[in-house]
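Everything below concerns the one structure shown next.
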Amino acid sequence: MFWTLFLALILLLLLQAQLLVCLHELRASLTSVTSANPSGTSNASALQRLPGAIIIGVRKGGTRALLEMLNLHPDVEVAKNEIHYFNLDENFQKGLDWYRAQMPITLPGQLTVEKTPGYFTAPLAPKRIWATNPAVKLLLIVRDPAERLVSDYTQVLHNRIQQNKPYQPLEELLLSQEHINPKYKALQRSFYYQHLARWLELFPREQMHIVDGEALIQNPFPELQKAEKFLELPPRIKPDNFYFNVTKGFYCLLSAGHDKCLDESKGRPHAPLSSEAFQKLCRYLRVPNQIFFRMVGQRFDWC
């Protein structure tokens, strides 16, 4: 009888010790989960979501700068690369699941933003985006269309030189028998009003925010305030998130003690174009610019 009680007591003590070990492991596991997710939000709610806002253009208008600056906001997560889903058939045919898979992981309440400047001038992009999400917020950053054209050519020129491909001087492409060549593709991309008309057929004007590209470069904070308000984000971006880099000649970003400047292609010297040719370009774009101003209800100090 004594030995039976003794063995039962030993067994009870062993079970108690094992229970304490299990409780300790469970507590450690819960602590680890809480540390990895301090907000207490379930990991199951961290998902790749379709964008609630898209920067649609313009090409060489400052889209990368705008994206990086918006990413300073704690409630914003951005797609790091240009997706080209709505403007390239080969990507659009991959379907919505593929598009979603290109997005960053976000928590509920965070805003996903993607930017592909090719969307603005792509004929099918407005209809495709509207069919995917008619409530999506659109951001369009614009700059002087004459300056934009020269910057557009400069990028193409740089790429062709890097690839050892032949190239034509800008003036040869822009002028035909001393007159502006309306067939030059970079010029067509600078007819903002023509492309905007397609978007306004589907999206109400209040669903599109126009960002002044020149103002964003010269003094970023006021433009970011406007963008925060349009995106219905709480004001979290501050003036001290920006500092002027004298060496580079433009503003860089500062967040959590870390600074970030745009890549070396930003601020690249423009390809040469004679003053006479540039003035011809400015005069040619004057009427298209006025039409654009009326469409957006906003004027810009362009040539």
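Including glycine, each Cβ sits where the backbone N, Cα and C put it.
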According to TrEMBL, the disulfide-paired cysteine of CYS252 among CYS261, CYS282: CYS261
Find the one among the recorded positions SER151, CYS252, CYS261, HIS270 whose C-alpha lies closest to that of LYS60 (active site, for sulfotransferase activity). SER151
On average, residues of the domain 'Sulfotransferase' (53-283) score a pLDDT of 95
Quick tally, other C-beta within 10 angstroms, LYS60, ARG64, HIS270; top of the recorded positions is LYS60
In chain order, residues whose C-beta lies under 8 angstroms from the C-beta of CYS252 (disulfide bond), counting only those at least six residues away in the same chain, are PHE242, TYR243, PHE244, ASN245, ASP259, LYS260, CYS261, LEU262
